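Per TrEMBL, these features apply:
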- 6-30: transmembrane segment (TRANSMEM)
- 42-60: transmembrane segment (TRANSMEM)
- 80-101: transmembrane segment (TRANSMEM)
- 108-130: transmembrane segment (TRANSMEM)
- 142-161: transmembrane segment (TRANSMEM)
- 234-255: transmembrane segment (TRANSMEM)
- 275-299: transmembrane segment (TRANSMEM)
- 320-340: transmembrane segment (TRANSMEM)
- 346-366: transmembrane segment (TRANSMEM)
- 378-397: transmembrane segment (TRANSMEM)
Amino acid sequence: MYVVESKGGAIACMLLSLFFLGTWPAILAMLERRGRLPQHTYLDYSITNFLAAVLIALTFGQIGSSTPEQPNFLTQLSQDNWPCVLFAMAGGVVLSIGNLATQYAWPFVGLAVVEVVTSSITVVIGTTFNYFLDDKINKAEILFPGVACFLIAVCLGSAVHSSNAADNKVKLESMPTDHVDGEKPSNASLIPSEAGLNDVEGGNGPAHSAKAGTAKYLVQLENRRSIKVFGKNTFIGLGITFFAGLCFSLFSPAFNLATNDQWHTLKKGVPHLVVYTAFFYFSLSGTVVAVILNIIFIYRPALGSQKTSFRAYVIDWNGRGWALLAGVLCGFGNGLQFMGGQAAGYAAADAVQALPLVSTFWGILLMGEYRKSSRRTYSLLFSMLFMFILAVAILMASSGHRK
């Protein structure tokens, strides 16, 4: 099998993983804003996410000869390593649930803020666990200042969200007064009607006429998107975000235990799970959970999203290519993160949790987030992105080398 042995190779894996893991959330968020049902999107995403793991296992996991200490992927499938397999599968379950939860948080809180908060929780909890599980191979004097920088970026991210929300409120209040009663529209009054929704989704409404960042654009976005947020409590989204962050903080330590067996659960003479075998079981369990939950959500939708059917999912090709691409990016992003972590330590590999840096870029470029915002919002946004860059550099500098 192919093993990343150098620090430079590990950092290269983490940088590429950072780009992939920061891009796929933007694709799924874009599809939701275009009106595609999250149940349909996540099922498509889950299929290619698993296929990416299988491809990685059958290629990188089969390169070279198999040895007793480092067996190839297919060789290890028949070995008695179930305690570590269960750790890998547990990691896959919590990651899948966390990813599914973020899909319902993005409409309420926004892509950039959701990714910032969930990543910060992952770094603070997950990186601390990994530091001790890895027998402190990372330089603590560098690692934990990096974690502190991440926390500062989180605070700045929260300030960005608060400032941008205030900007949007001003935009909506500045809309022309209602011709009937002369009152300005509130969030609750801007909830689209059934007829208006059908017009927009059918291409008859002015879905693309407003410029990004304007009040008219915000209203049209609400008409178009699949999860309606006007008139709903924002704390719903924040609660989902914190739940997702807790799930994310557990998957990397679980994978660490699966590949390194720090708790000595394997029988004497049984080799540790190689990263490719662990990643296969990790992705398999995550896919099974995702399929089960989303089939349930098809018939019992969450947060007031539209009820659908399995037949409707099968024939829904609108945006399917993008959803399949997102699954490929996430699959390869996770695989690269674990390959780099095996060489440099999973605490350093958690530097990819700076993925909001990438997600924010795509959010601005693809979805017009923060367009026509105030100077204060732009200043906070720049400060947040700068702090993320600094955090990534420091966490990568802390990487050691596993013996």
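Glycine residues also receive a Cβ, built from the backbone N, Cα and C atoms like all the rest.
Spatially, the transmembrane segment (234-255) is adjacent to the transmembrane segment (108-130); three or more Cβ-Cβ distances between them are under 8 Å for residues at least 6 apart in sequence. Counting same-chain residues at least six beyond the ends of the transmembrane segment (275-299), those with a Cβ under 8 angstroms from any Cβ of the stretch are 1, 38-39, 42-43, 46-47, 49-50, 52-54, 56-57, 60-61, 73, 76-77, 81, 84-85, 88-93, 95-97, 99-100, 251, 255, 258-259, 305, 307-310, 313, 331, 334-335, 338-339, 342. Contact between the transmembrane segment (6-30) and the transmembrane segment (142-161) does not hold: fewer than three of their C-beta pairs are under 8 Å, each pair 6 or more apart in sequence.
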